[in-house]
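Colleague: Next up is a structure, given as structure tokens.
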Amino acid sequence: MKKNLMLIFGGVSFEHEISCKSAYSIYLALLDLNKYNIYPVYIDKCTGVWYLLDSVSDPPKPINTDVLPIVSLLPGFGIFSNNKNLEIDVVFPVVHGRTGEDGAIQGVLKVMDIPCVGAGIIGSAISSNKYFCKLLLKSFDIPLVPFIGFRQHDYFLDKEEIKRNVKEVLGYPVIVKPAVLGSSIGINVAYSENQIESFIKEALKYDLTIVIEKFIEAREIECSIIGNEKMKIFSPGEVVVQDFIFYDYDAKYSVIPGNSIIFNIPAHLETNQLLSIKEYAFLTYKNLELRGMARVDFFVEKKSGTIYLNEINTIPGFTDISMFAKMCSNDGLQFKDLVDNLIDYAFQSYINRKKRIDFEN
């Protein structure tokens, strides 16, 4: 008997359109598997309302929400649409960024007592905040590019002190980032003190916490991991960016003549670098209590070969240009089997959690 699977995508997020592309790829894989009754749920970008679809269309085809039934969640009872309990067995969230990767949807589904693909509340929340994630990883001796972080309130209290710290602790150039956003949105490189203030103001449009890192000339290496307590770490890949300073949103999703981005899978690494990257990926996945899947991103400094962990994506992209699935495929795990495995991990994690909180026995 087929399980009922809800595929959630869209969201009130700057990464809304990427989520729709990821969902379409996963939807096609689910159709190919023919193991699940698929209930696609679209979250409106402006209102956050959940709508039930018949299918997932190939983006960027617009979705007319005026004629769609609304989805309602009733804890203890189920997920409803058109006054009918959909009896959902598992949810596959593909909402990138806020409310999707920050533990919000994961928390809702935990309250609903429904298995959820991917990381749980804690792993999602920590991984989504670059500043707090870096502080935690630093305590586990994971190598990081030198950084400082601060809240908007701190910046307005003593702007000059923060600018002085940037100059003395990091030195220019630096990268200015909002703490909570994916796809490198809102990121700028400041080459001098004249630029830093405007770039901080730009980043504050996206988040109240800011991270500033020392800018280094580095190779960008990515590593896919799947599994729960037992995990599989795939051969890392490299993103070679030709027409951009770094792999930002425009580099990832803009169409540039001349093929401006090259994906090297597997990445060309020294044996010791490969082993170190896999070890740091393993320690990160374990210490952040991640499960299901993650893409762990690294820098390898071009001059010294030093490895630094950059960030973690708990719901990586599943578009046709996304590295996560490409790295899995390179090691022999095809896309539809990857999707199937991720769903299995969700059921396994749910069963293990229920064993620990069974109040009846």
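Glycine too: its Cβ is placed from the backbone N, Cα and C atoms.
Because the structure is a prediction, the values reported are computed rather than measured.
Look at Swiss-Prot and you will find 167-222 tagged as ATP binding site. The Mg(2+) 1 binding site annotation in Swiss-Prot covers Asp297, Glu311. Annotated Mg(2+) 2 binding site per Swiss-Prot: Glu311, Asn313, in sequence order. Annotation comment: Swiss-Prot describes 134-344 as domain 'ATP-grasp', evidence class sequence analysis.
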Colleague: Other Cβ atoms within 10 Å is the metric here; tell me which of the binding-site residues Val174, Leu181, Ile216 scores highest.
Modeller: Val174
Colleague: Whole-number answer please: how many Å between the C-alpha atoms of Lys167 (ATP binding site) and Glu311 (Mg(2+) 1 binding site)?
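Modeller: That comes out at 23 Å between the alpha carbons.
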Colleague: Helix, strand or coil at Glu311 (Mg(2+) 1 binding site), per DSSP?
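Modeller: Assignment for Glu311 (Mg(2+) 1 binding site) reads strand.
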Colleague: Sort out the sequence-distant neighbours of Thr209 (ATP binding site) for me: same chain, 6+ apart, CB within less than 8 Å of its CB, listed by position.
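Modeller: Spatial neighbours, sequence-distant, of Thr209 (ATP binding site): Asn129, Tyr131, Gly149, Phe150, Arg151, Gln152, Pro178, Ala179, Val180.
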Colleague: Helix, strand or coil for Lys167 (ATP binding site)? Use DSSP.
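Modeller: DSSP assigns Lys167 (ATP binding site) to helix.
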Colleague: For the C-alpha pair, I'd like the distance in angstrom between Ile216 (ATP binding site) and Asp297 (Mg(2+) 1 binding site), rounded off.
Modeller: 15
Colleague: Specify the count of other C-beta atoms within 10 Å of the C-beta of Glu202 (ATP binding site).
Modeller: 14
Colleague: Which residues in the same chain, at least 6 apart in sequence, have a Cβ under 8 Å from the Cβ of Asn188 (ATP binding site)?
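Modeller: Listed in sequence order, they are Ile175, Val176, Gln195, Phe199, Glu202, Ala203.
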Colleague: List the residues of the same chain that sit at least 6 positions away from Glu311 (Mg(2+) 1 binding site) in sequence and have their Cβ under 8 Å from its Cβ, in sequence order, or write 'none'.
Modeller: Ser127, Lys130, Cys133, Val296, Asp297
Colleague: State the Cα to Cα distance, in Å, between Val174 (ATP binding site) and Asn313 (Mg(2+) 2 binding site), rounded to an integer.
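Modeller: Roughly 22 Å, rounded to the nearest whole number.
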Colleague: Hey, what's the Cβ neighbour count for Asn313 (Mg(2+) 2 binding site) at 10 Å?
Modeller: 23
Colleague: Do me a favour and check the Cα-Cα span between Leu181 (ATP binding site) and Asn313 (Mg(2+) 2 binding site); whole Å is fine.
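Modeller: Each residue's Cα considered, Leu181 (ATP binding site) and Asn313 (Mg(2+) 2 binding site) end up 10 Å apart.
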